[in-house]
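Beneath this line is the structure, given in structure tokens, with notes to follow.
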Amino acid sequence: MPAYSTDRRPRSRSRSPPSRRSYDRRDSGGRYGRDRYDNRDRRDHQESRHRDDRYDRYDRRSPERPAPSRKDVANANGKTENTTKDMTMADDKPKSKAAPISLEELVAKQEEEKKAASRPKFLTKEERAKLALERREKEVAEQKDRRMREAQSKMEFDQKVEDESRRVEDASRYNNRNDRRYNREDRDRGKRRDNRRRERSQTPEDFDIPDGLTEKEKEAIKSRYMGEERRKRKIRRMNEKKFVFDWDAGEDTSQDFNPLYAKRHHTQMFGRGHLAGIDEKEQKKQRSAFYDKLLEDRRTDEEKGRATALMDLDKKKEERLKWDDRHWSDKPLAQMKERDWRIFKEDFNISCKGGSIPNPLRSWQESSLPQKILDVIEQVGYKEPSPIQRQTIPIGLQNRDIIGIAETGSGKTASFVIPMLVYINDLPKLDESNMADGPYALIMAPTRELAQQIEQETLKFATPLGYNCVSIVGGHAIEEQAFNLRNGAEIIIATPGRLRDCLDRRILVLNQCTYVVMDEADRMIDMGFEADVNFILDALPVSNVKPDTVEAENGDVMNTAMDDRGHKYRQTTMFSATMPTAVERLAKKYLRRPAVVTIGTAGQAVETVEQKVEMVSGEEKKKIRLMELLNSGQYAPPIIVFVNQKKNVDLLARTVNKSGYHAVTLHGSKSQEQRELALAQLKEGNADILVATDVAGRGIDVKNVSLVVNFDMAKNIEDYTHRIGRTGRAGQSGTALTFLSSTDTDVMYDLKQMLSKSSLSKVPPELANHEAAQSKPGAFRPRRKHEETILQ
């Protein structure tokens, strides 16, 4: 066997393992041999390779530093000793003590810092933009540093992973003697090596890190501080890209190529025919007429009648759905559609609810009233019905209960008198056998003046028809009123207090009263007549009370239905300018499924009245201003002046009489004869001015009142509404002047709201800016900044 050398050869710096060196693979005879030092050499080679790699990485990351010489080490030690000695000597020197800061200086310094911190610093627009850019650049720089640190840490981590994977790969590769060569099938080995070298050669600056602001960020900052330009909206044309498939004669290009098409030959037509005297339409018409005649001969009479009926239905439906833009006044009643009735109600400001409501009246001639009542209406002089009459009369003719809410002076009296006369017309006439059972109809009013006013209006219709009408009011002897009832009466107009006295004394009974009207129901409740009204309504017979069912909402059923004794159901009608809670409670107790008719807005004044307000304080100033108005000649008599207290009525009337005017008075202390005389003088023109309290605020109908003066403002807005309603009646115009003072703060807010809703009135600046007119009385109103008072 050949002898192997025992000398250990020096380790080579080659990257190849010892097993691949030529001097280890063959002996001197050219044969392969086994070296007992192969394993040791391989381990030495691996350790040398890993150590070289670490040196290479260290050389690439840090610059080469020469090894320190002995002289450098000695110099460094000497400097250290000198430094230590100098520090020891410095410690031995005495230290000078610094003078402490005084307390006053410390307090002054703190005060200056506080003032500097509390003092606002104002920046211009350019400075704010500059600070915003600096903050943004700082954020970008911080973001850039963070990304660089992340990239650096990532590179270090990848390097560690690569080293660890290389160590594991080498260990697994060279520990196996059967795998001493690289895998020749691994074709991507060079590509991975190039990638690793390229990654190691890259620096953190090579990564794509954004520097500065982007364009969008710059545009956002610019638009925020400099304003954004308005972009005009691009108008898109809907038919711009619409493709047209229809053929146009202008698209014919044949005549451009061949002149033969320029002169076209037109065929000669024979009569109405097309070609050769044949008319296709005429042939179709003849053929269809033949089949129609054949089918007509085969039909029976019933089939013909059924076809005719279907054709009529289609024709009516087509006419009903056909659009007709004519005004409702130009159409006959039969052609009125639902849309026309809606427009009609909007024109007259009519709103109603409650079951099946009939259509309103367009004129007296189109109503279903008896002819004799129409003659009386024409005789009285009613040309056109008012809005409340247009809707209330058709409902009243259906024997339904009604709640009417309308403006004062809107013609409510005729709206319940006319249906009442139609109701009484169907009842038997009063004679000796039934006159003792009482009247057929009862009308209640809150005041004597209103009751007499209703009596005068009712007599215009009742007397021509032969009905007896009697009023029972206070101020007259009850024996005289009992004498008037000796022959019976179909209609009684009464105030609640006097009517209850008559019922208690058995002067009058209500055994056959089946028609009840309560006019100015809210006023009756305000005057304390609620208990009297309940007593009177409880005295009515209950046998003919309507059932509280859906049938009470059907006018056709109520108009034909009778009670057990064959009498008509009782009909109850209530009119009011407002609807307080007490009135709603009364209506809920005694009315059955009523129809609610509202004209305008509840509690609103008539639109024909111009309302004026003047701020006047003191009685003397008010009198001077009133005399200026009377002497101006702008307003013709009659004129009504309202005062709150009775004693002031007589004093003001005496002042007016001294100025050469004839003034009459009306208040609660006057007797009934004096009241009637004062109203008669005003109506006949013998008196120029009426000075009154709220007694004359409701129900007084005096024609052609040009001016109403509220010498004292009413205590509430409802009384104010009824006061100014004495003028502007029956569609005429009028003026209402109110003197306001500092004691009228409770009604200033409501008065301001009413003036703002009127189209003819204006709110004066004194009222609009007054503190009491800004919120309702009792409501919390936060103070404004300039109104606050700071107590020091």
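Easy rule for this one: first residue shown is 1, then count along the chain.
A Cβ is built for glycine as well, from the same backbone N, Cα and C atoms used for every other residue.
TrEMBL: automatically predicted annotations, no manual curation.
Annotation source TrEMBL lists region 'Disordered' at 1-222 (among others).
As annotated by TrEMBL, compositional bias 'Basic and acidic residues' applies to 21-73 (among others).
Per TrEMBL, compositional bias 'Basic and acidic residues' is recorded for 82-95 (among others).
For the compositional bias 'Basic and acidic residues' (106-116), no residue of the chain approaches it from at least six positions outside its boundaries, judged by C-beta separation under 8 angstroms. The compositional bias 'Basic and acidic residues' annotation in TrEMBL covers 106-116 (among others).
Here TrEMBL flags 123-203 (among others) as compositional bias 'Basic and acidic residues'.
What TrEMBL records for 213-222 (among others) is compositional bias 'Basic and acidic residues'.
What TrEMBL records for 362-390 is domain 'DEAD-box RNA helicase Q'. Within the model, the domain 'DEAD-box RNA helicase Q' (362-390) shows a mean pLDDT value of 89, rounded to a whole number.
Summarising the annotation, TrEMBL assigns motif 'Q motif' to 362-390.
Sequence annotations record features per position, and here TrEMBL assigns domain 'Helicase ATP-binding' to 393-597.
Feature annotation from TrEMBL assigns domain 'Helicase C-terminal' to 608-771.
Sequence annotations record features per position, and here TrEMBL assigns region 'Disordered' to 760-792 (among others).
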Query = Residues sitting near the motif 'Q motif' (362-390): Cβ under 8 Å, six or more positions beyond its termini, same chain?
reply = 328-329, 333, 344, 348-350, 397, 404, 406, 410-412, 414-415, 418, 421-422, 425, 460-461, 464-465, 597, 599
Ask   = So which residues does the compositional bias 'Basic and acidic residues' (213-222) touch in its own chain, when a touch means Cβ under 8 Å and the partner is 6 or more beyond its ends?
value = 129, 132-133, 136-137, 140
Request  = Could you put numbers on the helix, strand and coil content of the compositional bias 'Basic and acidic residues' (106-116), residue by residue per DSSP?
outcome  = 11 helix, 0 strand, 0 coil
